[in-house]
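Here is what TrEMBL records for this protein:
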- 94-135: coiled coil (COILED)
- 161-188: coiled coil (COILED)
- 280-402: domain 'Nephrocystin-3 alpha-beta' (DOMAIN)
- 498-622: domain 'Nephrocystin 3-like N-terminal' (DOMAIN)
- 958-991: repeat 'TPR' (REPEAT)
- 1066-1099: repeat 'TPR' (REPEAT)
- 1108-1141: repeat 'TPR' (REPEAT)
- 1150-1183: repeat 'TPR' (REPEAT)
- 1192-1225: repeat 'TPR' (REPEAT)
- 1234-1267: repeat 'TPR' (REPEAT)
Amino acid sequence: MGTASSLVSPAGGVGEVIEDTYGGGEACEIPVEVKPKARLLRGSLRRVGGSRPGGLIGASFKSTASVQELECVAEYERLKKEYEIFRVSKNNEVASMVKKEAKLDRENKRLRAELQALQKTYQKILREKECALEAKYQAMERAATFEHDRDKVKRQFKIFRETKENEIQDLLRAKRELEAKLQRLQAQGIQVFDPEESDSDDNCTDVTAAGAQSEYWTGGALGSEPSMGSMMQLQQSFRGPEFAHSSIDVEGPFANINRDDWDAAVASLLQVTPLFSHSLWSNTVRCFIINTDETQPEVEIFIRNYSPKLQRTCETMGYFFQVVHFPAENENHFKDVRKWEIEKSSLVILLLHLTLRSCLLEDCEEAFLKNPEEKPRLIYHRMDDDGVSSGSVQQLIDVLHTLALRIMLYVPVLLSFIVVDILGCEMTEPEGKDLSNKEESTAPEEEVFGDVLWDAHDEQEQMEAFQQASNSTCELGFEKYFERLNDLVAAPAPIPPLLVSGGPGSGKSLLLSKWIQLQQKHSPNTLILYHFVGRPMSTSSESALIIKRLTLKLMQHSWLVSPLTLDPAKLLEEFPRWLEKLSARHQGSIIIIIDSIDQIQQAEKHMKWLIDPLPVNVRVIVSVNVETCPQAWRLWPTLHLDPLNSKDVKSLISAECNSANVKLTKEQEKKLERHCRSATTCNALYVTLLGKTIACTGNIDETLQQCFQCQDTVSLYRLVLRSIQESLRNDKEKAIFSALLQILCVIGVSHNGISESELMELYPELSSAVLALLVHSLHKMCLLTYGCGLLKFQHLQAWEMVRLEYMEEGENVISAYRQKLVDYFTMQLSRDRVTWRSADELPWLFQQQGDKQKLHNCLLNLFVSQNLYKRGHFAELLSYWQLVGKDKSSMAAEYFDSLKEYEKSCEGEESMICLADLYETLGRFLKDLGLLSQAVAPLQRSLEIRETALDPDHPRVAQSLHQLAGVYVQWKKFGNAEQLYKQALEISENAYGAEHPRVARELDALATLYQKQNKYEQAEQLRKKSFKIRQKAARRKGSLCGFALLRQRALQLEELTLGKDTPDNARTLNELGVLYYLQNNLETAELFLKRSLEMRERVLGPDHPDCAQSLNNLAALYNEKKHYDKAEELYEKALDIRRRALAPDHPSLAYTVKHLAVLYKKMGKLDKAVPLYELAVEIRQKSFGPKHPSVATALVNLAVLYCQMKKQTEALPLYERALKIYEDSFGHMHPRVGETLKNLAVLSYEGGDFEKAAELYKRAMEIKEAETLLIGGKATSRHSSSGDTFSIKSALSPNTFLEPGQR
């Protein structure tokens, strides 16, 4: 193989060799490297072809083709290998990129997490920075205040020192002069007697009388108010177990009520609403008409002509008006319903002519003879010239002539009865005036509530919810739960809220309402704030309104508090602050109870204050359903309501059956017991409903079989509804069955319920008799109930059943009923009937429909928005605008444009006054939104209109000035605000006199303004003047609506005492005397208290503790009338009885001891008062322990007495011990500590220790300044909507609760 040519044979072996190689012949050796071999073959071929040109031509073609194939194959192999190498390398690169991508993704996630953490840290640091800055500014302000106080004290001490030095120099000078005179007299031989050697006391005088203050210690020198002095009794301004300042002793709702403390009286009255019948608290004026066939024309005239006018009048005052009339042909059919309607009625009118059916006599007896509440009853007797009344008619008139008033069917007469006798308001217009003007006069003038906007309907709804929840007489074994709740109140702080949990219908509301009643009875000094949440999405479940209502209830028990912001977010922040403010001043416990809190929308978000630390004397109790309780709350202490045991089940069912005279056999009772064993069939609501179902049936066995198929409350409600439908199908009134479906569905799709008068207008074909029958059936079976005059579902399960039974077809059915309500309330707006109902329902319905354009147009109806805002529904109004998509500025601009457009159509004085009210409402609304610059324009426009349309000195002008000044205060333009406040004050004084609550309001506002400007002395003077005005105004209760309700309650009680002598009647007489005492009718109060004492002595014996109560109250009455000798005798008798009958530490004994001691002190019998004050200390130490604040108060009172007796050495340790107790109990900055320090300062001053006196006085002034800042202007939160300060004693008068005001 030396050369390449040796591979080629001369005979064409080349082709064979190649064919053998590639054709499958014998294998030949082929070099590994393809390309070199190919080059070798090409060289050989060239050489062979050149030597033998002719013999190799054929072989040449073959060889050439084979070489090409070889080259292609070689090239293919090369490319294939290169491809494999490329593929492998790329795969490696891809795998590497995937790994890099995963690594980068992990790194990205890590960096994102770090970024989020950094952002959170940044936000936290930013918040901390803001808090630090705020704390810095507060510290700087405190430092400035401290420096100011320090300089003030320095100046005072300098004046004090210089004055004393001058006094000393004067005394020394006088001494030298006297010595010189003495020497001259002795030199002249005149005998001089030494006073110390004289036997007479005439020349002996004390330089400083005990308790007298040096003129240099008074406010004139020290720049503060005069000290209380060691002789001054510690002022008892706050209610509480140790500061009870009532002289009336009564067990029950009116305990610890001072004669001047009208708010406490009204609050106590509201707490006992279950004692009142529904008609006294109903928001519906129900007129029940009894007539004969002969007087049917009068009935038709009344319903057609008079009823609409009376309805309009009641609407103006925020009430519903409903006429109930049953046709004569169905008298027997509606017997039970008629009786129920008469009981509910506010007014009964009997229309007579010549004859009277015997079946109507029962109605007359029920309405006129059985009328314990003395509700108005009217008789109309039509007389004809030729007609003679039957004997029954004449006999009835003779019987009823003393019980009812005979009238003419004339609108002004009926209007007078409704307004004066039923609603408790005053008629100011003459009777002959036109009704339209009369409607305006009957609407009471809007009270001055400051900047607080109160919804009387929301408050009434809560009172009725509490009343309905506590109506059940069955306790269901609640005693064990009561003990747990009592332990919560007594447990040491801090303690988280208590969770009362249970299934739906387990009796949570009943438990809480019963416990509230017990607390009000046994612990009258405990302040209880409750809220019962109703159906989801109703007004009672809106968190902002709940917080606002609770905050206003806190403000009601405070003095000189700042106005309330309406911004929901700021309100949520301010509520805990108000709670802390009141807890610092209220000496009893404060209990907040929220029932069904899980029904509140976004409860965890809006109730976050629950998880914050609460003040030491505040306890919170909330109830939830087990299934819907938020997870974060499950860690709280929980009181779980167990299912009813067989004994409770049996007692509940037996009670319902016994009320209907239905007897169950032993076998039936066993079946019921076996059925009510599961968790869903042994809850209180299910068992109660089961008992009602059995009691109302004819065939008990058949009903039991049907009930046993119902395994939960919803299915049992479905059975109840079907049974009602079956009973109505057999009724002669065919319209009843179809009306039932419509009524339930309309109520179900409404916001808060529907009134009966609205149902009558929605369905004109529905008669009042049919509606009364339906409502009676549904109410009796716990489906419907009344709330603020509205029909609503009594339980959530009833609402759920109606939704499943009648609205299963979906949104179409719901939308149809909602549209019917929309059409109805829209028609009201078109007739200019903007009531609180249309403002409540119409925007909400548009919101549920998602119709933003109609909602927008509705909100631009200025009267709708005004109604919502004036009732405090600020958050609801904002939510509607947010749904429309408008921000604050655009909303303000649209309102202003609408007002400008409305102004073009205003003509006449009344329309301009109305326009001014709208401008003022807009200005206040914008101020609450924080748009101060935009709020000025509408308030100024309101001022201009009132000055032009009314008079520059009209009280409404003062109102505009006050509101405009409030904006300037927030804007820090104090000069402008001061000028406006002074103008408002001058107008109010000229219009109302110098002692009117409106004047006090302007004084408070000015005081707050001066406080913000650090003009503390001027502010303090104005506050004192305002306080005196409000104290005097508190006595003038006769013109208030609350007085009318108290009067109604008194008449009701008076009727109850006409029977025989019983302990209950004696107690009622005592309560009646207390009520007249609260009305300042002391003569009548004395009469009833004497009757109570005489009855108790006859029935119980003269040594019974109840007699001591009557003696105590009579003594308090004589003390009030300044008949001190009679009061002393009665107090001593009461004390003697109670010492013998009661335990040494009994509260009633301490009560009498305290008041007799105060009387002795007032009469100057200090020696007799000392042992009583010492006994009061002992009683309180036994009752509360030696370190309780009430013991400290008793010690202070004893120390004051010792100071009056010039026993300062005995008083000093008592003061020091009281100070230690106050500091340990309330902290070093409590007002009680400050008052005790002031007394100690005076005592030290009198003892000659001036440095200690100055130090103590300085500490007392620091506490006073801190208290002023807490209550007054500087304490106003930076979130507060206004800087005004007002006294809530006037702003939240009883009218707030009881008088609806203009709507």
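Cβ atoms here come from the backbone N, Cα and C positions, even for glycine.
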Is the repeat 'TPR' (958-991) packed against any residues at least 6 beyond its ends, judged by a Cβ distance under 8 Å, and which are they?
448, 451, 916, 920, 923-924, 927, 932, 935-936, 939-940, 942-943, 946, 998-999, 1001-1003, 1005-1006, 1008-1009, 1012-1013, 1281-1284
So what's near the repeat 'TPR' (1108-1141) in sequence-distant terms, Cβ-Cβ under 8 Å and 6+ beyond its ends?
247-251, 259, 1066, 1070, 1073-1074, 1077, 1082, 1085-1086, 1089-1090, 1092-1093, 1096, 1148-1149, 1151-1153, 1155-1156, 1159-1160, 1162-1163
Same chain only, please: residues at least 6 beyond the ends of the repeat 'TPR' (1150-1183) with a C-beta under 8 Å from a C-beta of the stretch. Say none if there are none.
233, 242, 244, 247, 249, 1108, 1112, 1115-1116, 1119, 1124, 1127-1128, 1131-1132, 1134-1135, 1138, 1144, 1190-1191, 1194-1195, 1197-1198, 1201-1202, 1204-1205
Helix, strand and coil totals (DSSP H, G, I; E, B; other) for the domain 'Nephrocystin-3 alpha-beta' (280-402):
60 helix, 25 strand, 38 coil
So, by DSSP, how many helix, strand and coil residues make up the repeat 'TPR' (1192-1225)?
31 helix, 0 strand, 3 coil
Would you mind splitting the repeat 'TPR' (1150-1183) into helix, strand and coil residue counts from DSSP?
32 helix, 0 strand, 2 coil
